[in-house]
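Copied from TrEMBL, the annotated features are:
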type	residues	note
TRANSMEM	A:28-51	transmembrane segment
TRANSMEM	A:91-108	transmembrane segment
TRANSMEM	A:120-138	transmembrane segment
TRANSMEM	A:144-163	transmembrane segment
TRANSMEM	A:175-197	transmembrane segment
TRANSMEM	A:217-238	transmembrane segment
TRANSMEM	A:264-285	transmembrane segment
TRANSMEM	A:305-321	transmembrane segment
TRANSMEM	A:333-352	transmembrane segment
Amino acid sequence: MFEVFRKGIRLKDECETNIETFSDMRKYGILFIFFLILFFAAAIAMIMGAYEISFTDVYATILANLGLYGDVSTVSKLHNTIIWNIRLPRILLSITVGAALASSGAVFQGCFRNPLVEPYILGVSSGAAFGAALGIVYPSVFSSVQISAFIFGSLAVLAAYTLARTRGQTPIVTLILGGVIIGSIFSALVSLLKYMANDSALREIVFWLMGGFDYATWQDVFVTVPIVFVSFLIMWMYSWKLNILSMGDEEAKALGVNPEKSKLVIITIATLVTAVAVSTVGIIAWVGLMMPHAARMILGPDNRFVIPSAAMLGSIYLIVCDTMARTLTTSEIPVGIITSIVGAPYLCYLLRNKGRSLLG
Amino acid sequence: MVTVNVNNVTFGYNSTKILQDVSVDIDKSSFVSIVGPNGAGKSTLLKCVNKILKPESGDILVDKNNIHKMKRMEVARNVAYVPQSSNRVFPTTVFETVMMGRRPHLGWFSNEADKEKVWQVLEEMGLNDLALRNFDELSGGQQQKILIARALAQETGVILLDEPTSNLDIWHQLDVMENVRGLVKNRNVTALMVVHDLNMASKYSDLILMMKNGKIVSAGDPVSVLTCDNIERVYGVEAHVHTHAGIPYVMPLKQVGLAADACMMQATDGFEA
């Protein structure tokens, strides 16, 4: 009897120490480690490239441009162009797009209560593809491919959402079906445009669809970074509501969260960041599906930690993939191809080995 | 001590009325059971009290405050809800699940005092050994207890339970009922429970509401509600009621009419009890 009692006490102590060792503090620590990895990944990616520039030259150029040390006029013009106008915006854009896709993927998965959802589920990618194709085929009508992609990407999601809304509610199944319907319509329209396009436009559409950072400019960085950053903060603020939402609408209501209102805000913001990312760099697969899973495996299902860690993992992953895209061969490989080739086996591994504990 | 007043509540989908002009006053902390045939509107009544559903007309007051004038978060601080079952898409531990009950008080952040509260609740319910197990891995009885623990962590004056014993064996049924009775006694909460088992309702309730076709047809202590006559009128079942130690026990004998949902159309004039 006493033995059993003592055992009970010991078990409780063990539990508490376990909880303590995996407390919020520890999770913040892991987030900080991710941040360090991201920082060093970016720093190393700056040095790598088809044109070899030494470590000191790379950072001398950056410091000079930031006005911290030295003078831009003393840096060689070629180095300045490669480092400051090509590599740096490209890396900053990979970070932004990776964070955008991975955090919105985490948010969509939580909101839809489905671990197989990705940010493109509501048709934003097909809509954006159609917008981009329109811009490429009819440049006189749609002056900016990017803006046209953004507009049609957002329109597609709006259409899917409107389609799914019945009697003041948006059930998840109809929402996903709405996304499938709208997605297939826009895909068909993209095929039509491809069929009608001349050879050079067709080539451009195909490249756009594969996604890539090769046209990254400072202007892209200035447009995307603030939008993605602010949206990320909003999604992070909503993370605890997302935890409650992932238990289903009724329980969410009982715990004080209005599911319709929260879903609308969350879907709007997540769509906005996805549309911004897609319209800037094209369709990059797998990041939004995979990184939230990786984050959950490391930190558990609490979205307050999943969202920031998924964002950083997404950034790291895209930096790595984009550096490979730039350096593996003499000509550039579209990054979407690399993210898929690296990503698919990884998800396969997850499903085979951790599928039970991860997906229940 | 928390009062619950339901005043003339009507609820329906389109033209089908699920609740018709339901009124009930619960004036002191007590264990209230809602019984009745399938489709009588029991769960609907429960969900109206928690603002999960919005009635067409009528008011619901919790502790004299109209819940339809309260924000949802405020309702969650006053009324907790225990669903019949709950499934998780992403595996959460028992500790995290119970911690969810603290969220209406906390929002984004968590602090040590609240973690301590969760531990206390787990200990009170005898669940601390399970704290780090995944919710999904546990048996139905354990899951039900965890959902009750979550409601407890919510620290509300009213707890609503929707058929908490339906999927459980008799040991766990008694366990859940004992737990709820403990809460009513020790924490002074009002528990409103939808339950199918008339004998469980009889054994534990202070007040039984018997519903049929969206109306309360009989309300009172177990002895006055669980009569042969009421059971035949409401369920269409002839039953023997046997009183043991002051508690009536119901033994159903045979069907004597149509199922309650089948004779819904033939309306209800006789039931204004």
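Cβ atoms are placed via backbone N, Cα and C, with glycine included.
Just so you know, TrEMBL annotations are computer predictions that nobody has curated.
Taking residue pairs at least 6 apart in sequence, the transmembrane segment (A:264-285) and the transmembrane segment (A:120-138) share three or more C-beta contacts under 8 angstroms. The transmembrane segment (A:333-352) makes contact with the transmembrane segment (A:264-285), as judged by at least three Cβ pairs under 8 Å among residues 6 or more apart in sequence.
Same-chain residues lying 6+ beyond the ends of the transmembrane segment (A:91-108) with a Cβ under 8 Å from its Cβ atoms: 38, 42, 45-46, 117-119, 121, 213, 216, 220-221, 224-225, 228, 231-232, 235-236, 238, 242, 266-267, 269-271, 273-274, 276-277, 280-281, 284, 287-289, 291-292, 295, 303, 306-308, 310-319, 322. Sequence-distant neighbours of the transmembrane segment (A:264-285) (same chain, 6+ residues past either end, Cβ-Cβ under 8 Å): 93, 96-97, 100-101, 103-104, 107-108, 111, 119-120, 122, 124-125, 128-129, 131-132, 146-147, 149-150, 153-154, 157, 161, 207-213, 216, 220, 223-224, 227-228, 231-232, 234-235, 238, 242, 245, 318, 334-336, 339-340, 343. Outside the transmembrane segment (A:305-321), and at least 6 residues removed from its termini, the chain residues within Cβ reach (under 8 Å) are 27, 30-31, 34-35, 37-38, 41-42, 45, 91, 94-103, 105-107, 110, 232, 235-236, 239, 242, 284, 287-288, 290-292, 294-296, 298-299, 335, 338-339, 342. Within the same chain, residues 58-59, 62, 82-83, 87-88, 91, 95, 298-299, 305, 308-309, 312-313, 315-316, 319-320, 322-323, 326-327, 330 sit at least 6 positions outside the transmembrane segment (A:28-51) and bring their C-beta atoms closer than 8 Å to a C-beta of that stretch.
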